[in-house]
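Colleague: Below is the structure I would like to discuss, written out as structure tokens.
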Amino acid sequence: MRPAFAVGLVFAGCCSNVVFLELLARKHPGCGNIVTFAQFLFIAVEGFLFEADLGRKWPAIPIRYYAVMVTMFFTVSVVNNYALNLNIAMPLHMIFRSGSLIANMILGIIILKKRYSIFKYTSIALVSVGIFICTFMSAKQVTSESSSSENDGFQAFLRWLLGIGALTFALLMSARMGIFQETLYKQFGKHSKEALFYNHALPLPGFIFLASDIYDHAVLFNKSELYQVPVIGVTVPIMWFYLLMNVITQYVCIRGVFILTTECASLTVTLVVTLRKFVSLIFSILYFQNPFTVWHWLGTLFVFIGTLMYTEVWNNLGTTKSQLQKKDKKN
């Protein structure tokens, strides 16, 4: 599948997914576990029917390798969603996770012994600086809001700090998972659909430990206001509608990401995902009327200048597809 189509899936699915996630998190900040479970269950069922052929198709990549990947993927998903319950606002959540770009490069250098040109280092530095500026401004806003609404400002700050720690851990784990995937694809070939299925099916038993929290939020969802779904006219609690749309858009998003991992190097995949997160951030700020200062615009400028430098648009005009693929492999 062409990389351009995969990029389209990533932007369309992931950006709309963030909107429904924020709608869920604004009403119930601690709903991360039920959201993660619903996403994993949907993708696992779809993969069991169409990819695993009802369990009759044997995986091309040995299960023991998927066990390692699944452990990382499950941990990243749960920790990232739970961070929303630790005084982490959605804009800060999105921008901070975008720091995986620099984490991916650092781990790539350490683990895979990769080397990049000074031009690439500079471009990624610009993207990282832009993300840092927006992160700092969002964090400053969250801190001020917490101190004005909480009686115990110090306790609120500790929760926020714990949330930052959780996001940092998930950031490094996600980068390590990307490199591990890249290594597996080199050894066993590219099997994006298979990886998508096993990464979501194998962790399902782990949700037993989260069953109580998932049930509690299911009860809360049932008590939400009723909403008539357009076109089909069915009336359901609005939180269940948000969850359904979040699951569908998450499937489109994650499908695009896994396809992209089979077409491009790990750093390139991370760059695409990083830009998607930044677009989601801007949309979230505008749609939910979150403040967007001059510093946010400066961060935006840095991100897109860094992106243009990384892709070397001006140098690639007229370059053939095969030549671009060779350049991407070198980088």
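Placed from the backbone N, Cα and C atoms, the Cβ positions cover glycine too.
A TrEMBL annotation is a machine prediction, not a hand-curated record.
Quick paste from TrEMBL:
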TRANSMEM  32-51  transmembrane segment
TRANSMEM  63-83  transmembrane segment
TRANSMEM  95-112  transmembrane segment
TRANSMEM  119-138  transmembrane segment
TRANSMEM  158-175  transmembrane segment
TRANSMEM  196-215  transmembrane segment
TRANSMEM  227-245  transmembrane segment
TRANSMEM  257-288  transmembrane segment
TRANSMEM  294-317  transmembrane segment
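Could you place these features in context, so I can see how deep they sit and what lies close by?
Modeller: Remote same-chain residues near the transmembrane segment (32-51) are listed as 21, 24-25, 57, 74, 77-78, 80-85, 193-194, 196-198, 200-201, 203-204, 207, 210, 213-214, 217-218, 221, 243, 246-248, 250-251, 254 (criterion: CB distance under 8 Å, separation of at least six residues from the stretch ends).
Sequence-remote contacts of a segment are chain residues at least 6 beyond its ends whose Cβ falls under 8 Å from one of its Cβ atoms, and for the transmembrane segment (196-215) they are 30, 33-34, 36-37, 39-41, 43-44, 46-48, 51-52, 59, 63, 66-67, 69-71, 73-74, 78, 254-255, 258.
Here the transmembrane segment (227-245) has long-range neighbours at 16, 20, 23-24, 27-28, 34-35, 38, 220-221, meaning same-chain residues at least 6 beyond its ends whose C-beta is under 8 angstroms from one of its own.
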Colleague: Please give the sequence-distant neighbours of the transmembrane segment (63-83): residues at least 6 beyond its ends with Cβ less than 8 Å from one of its Cβ atoms.
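Modeller: Hits for the transmembrane segment (63-83): 30, 32-33, 35-36, 39-40, 93, 97, 163, 166-167, 169-170, 173-174, 176-177, 180-181, 184, 188, 195, 198-199, 202-203, 206, 210.
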